[in-house]
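Novice: As annotated in Swiss-Prot:
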{"type": "TRANSMEM", "residues": "34-54", "note": "transmembrane segment"}
{"type": "TRANSMEM", "residues": "78-99", "note": "transmembrane segment"}
{"type": "BINDING", "residues": "H84, H183", "note": "heme b b562 binding site"}
{"type": "BINDING", "residues": "H98", "note": "heme b b566 binding site"}
{"type": "TRANSMEM", "residues": "114-134", "note": "transmembrane segment"}
{"type": "TRANSMEM", "residues": "179-199", "note": "transmembrane segment"}
{"type": "BINDING", "residues": "H202", "note": "ubiquinone binding site"}
{"type": "TRANSMEM", "residues": "227-247", "note": "transmembrane segment"}
{"type": "TRANSMEM", "residues": "289-309", "note": "transmembrane segment"}
{"type": "TRANSMEM", "residues": "321-341", "note": "transmembrane segment"}
{"type": "TRANSMEM", "residues": "348-369", "note": "transmembrane segment"}
Amino acid sequence: MLGPLRKEHPIFRILNSTFVDLPLPSNLSIWWNFGSLLGLCLITQILTGLFLAMHYTADISLAFSSASHICRDVNYGWLLRNVHANGASLFFICMYCHIGRGLYYGGSNKIETWNVGVILFLVTVLTAFVGYVLVWGRMSFWAATVIANLVTAVPCVGTTIVQWLWGGFSVDNATLTRFFAFHFLFPFIIAALAIIDLVFLHNSGANNPVGLNSNYDKAPFHIYYTTKDTVGFIALIAALFVLALLFPCALNDPENFIPANPLSHPPHIQPEWYFLFAYAILRSIPNKLGGVIALVAAILVLFLMPLLNTSKNESNSFRPLSQATFWILVATFFVLTWIGSQPVEQPFVLIGQIASLLYFSLFIFGFPLVSSLENKMIFS
């Protein structure tokens, strides 16, 4: 007698084991929704980006005009652009929440899954950066010039890499063309990495809020967690359309509505809001090479989390000192984001330097030392 098609068909069997019969801990909270929300954001970005690419022209004399043409002349082009631009912001909000949940509940202990996730985050950052340049507004142009020029700080090969990246000695037509190619390609790499991340996650099993072994109490993904994820989908789509329809420019830089001009730069050059924390860390180091190293380390430090973990408990749920350390890190992240949006002058420079030092100290010394102290308090 044949079983259900979802269990017999070779393709449906894979989907069934991933989205239907997957056994999960029965006590997962709303913080576990962000993985599926990231998947929804990625699909939305790929679909809207595909339609935008049909009307966009990757040429410095036409890029700004083609972006304007999409909003003015293409049917629902304004909606596509607003959803795509604000979808990127929601993508990063979900990603930061997802990373925060991993840090708080011990997801960083699953080394392969965590490392693939950090690589995914890096590729997403690159995708957003090259996409920001495509509008060819004044802030986009100077962000591409200033941020890419930082690579020249790399000894020996830095200048060569920048010239290859720019396609010449300055940001020009070749730069825009290759950035458009990268921006079109990277989302599919992100999708592939997301599948690899899922494979590792299903191999190691999901953690849970209390950090205990959940093999004795599992629930199937469908219908319990599909329903829960659907609630998250509705909330995310509602938030996206509120932004896209009512406040489409709330998270955009006004300088980007001015066409790019190599002879005129904005009074304060800054990236999009979701990169401001790293930009603040970059600015807090007076040396160019040191700033670039700090900028890269701000993300790469996440790779150290599984190696620096000293706790005997997986989750922070029953560890008040680790909870306090985590929320200090979150507060530091918000302070750095605020500092990144401020001009380079006192007292913002000093606050940025203190927050940057605290950011790295919490990752490298704070969490391991606090976890060791809690081990002694609880288990000795």
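Glycine residues also receive a Cβ, built from the backbone N, Cα and C atoms like all the rest.
Map these features onto the structure and tell me what's around them.
Specialist: Reduced to three states, the DSSP call for H183 (heme b b562 binding site) is helix.
The Cβ of H98 (heme b b566 binding site) lies under 8 Å from the Cβ of F34, G35, L38, G117, each on the same chain and at least six residues away in sequence.
With a cut-off of 8 Å between Cβ atoms, the residues of this chain six or more beyond the transmembrane segment (114-134) that come close are 56, 58, 63, 67, 88, 91-92, 95, 98-99, 102, 107-108, 140-141, 143-144, 147, 175-176, 179-180, 182-183, 186-187, 189-190, 193-194, 196-197, 200, 271-272, 274-275, 299-300, 302-303, 305-306.
Spatially close to H202 (ubiquinone binding site) yet at least six residues away along the chain are S17, T18, L22, judged by Cβ distances under 8 angstroms.
Away from its own ends, the transmembrane segment (227-247) comes close to residues 28, 30, 33-34, 36-37, 40-41, 44, 79, 82-83, 86-87, 89-90, 94 of its chain (Cβ-Cβ under 8 Å, at least six residues beyond either end).
Here the transmembrane segment (348-369) has long-range neighbours at 280-281, 283-285, 294, 297-298, 301-302, 304-305, 308-310, 322, 325, 328-329, 332-333, 335-336, 339-340, 342, meaning same-chain residues at least 6 beyond its ends whose C-beta is under 8 angstroms from one of its own.
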Novice: Should anything in the same chain at least six residues away from the transmembrane segment (78-99) have a Cβ under 8 Å from its Cβ atoms, list it; otherwise answer none.
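Specialist: 31, 34-35, 37-38, 41-42, 44-45, 48-49, 51-52, 67, 70-72, 117, 121, 124, 128, 131, 236, 239-241, 243-245, 248, 251-252, 272-274, 302, 333.
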Novice: Can you name the residues of this chain that are 6 or more positions from H84 (heme b b562 binding site) yet have a C-beta less than 8 Å from its C-beta?
Specialist: Q45, T48, G49, L52
Novice: Per DSSP, H84 (heme b b562 binding site) is which: helix, strand or coil?
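Specialist: Once the DSSP labels are grouped into three classes, H84 (heme b b562 binding site) ends up as helix.
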Novice: Below 8 angstroms Cβ to Cβ, which residues of this chain, lying six or more residues outside the transmembrane segment (321-341), approach it?
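Specialist: 96, 100, 103-104, 270-271, 273, 275-281, 283, 311, 348, 351-352, 355-356, 358-359, 362-363, 366-367, 370-371, 373-374.
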Novice: Is it possible to get the count of other C-beta atoms within 10 angstroms of the C-beta of H183 (heme b b562 binding site)?
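Specialist: Looking across every protein chain shown, the total is 22.
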